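Remarks on the structure that follows.
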Amino acid sequence: YCCHPACGKNFDC
């Protein structure tokens, strides 16, 4: 998963 703003649409915490 991606837990930081730079992930954009992939943000998933």
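Placed from the backbone N, Cα and C atoms, the Cβ positions cover glycine too.
Listed in sequence order, Asn10, Phe11, Asp12, Cys13 are the same-chain residues at least 6 apart in sequence whose CB falls under 8 Å from the CB of Cys2 (disulfide bond). Marked as disulfide bond by Swiss-Prot on the basis of similarity to another entry: Cys2-Cys7 (among others).
Annotated disulfide bond per Swiss-Prot: Cys3-Cys13 (among others), in sequence order, evidence recorded as similarity to another entry. In the three-state DSSP classification, Cys13 (disulfide bond) falls within coil.
The number of other Cβ atoms within 10 Å of the Cβ belonging to Cys13 (disulfide bond), over all protein chains shown, comes to 7. Feature annotation from Swiss-Prot assigns cysteine amide to Cys13.
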Of Cys3, Cys7 (the disulfide-bonded residues), the residue whose Cβ has the fewest other Cβ atoms within 10 Å: Cys3
For Cys7 (disulfide bond), the three-state class that DSSP assigns: helix
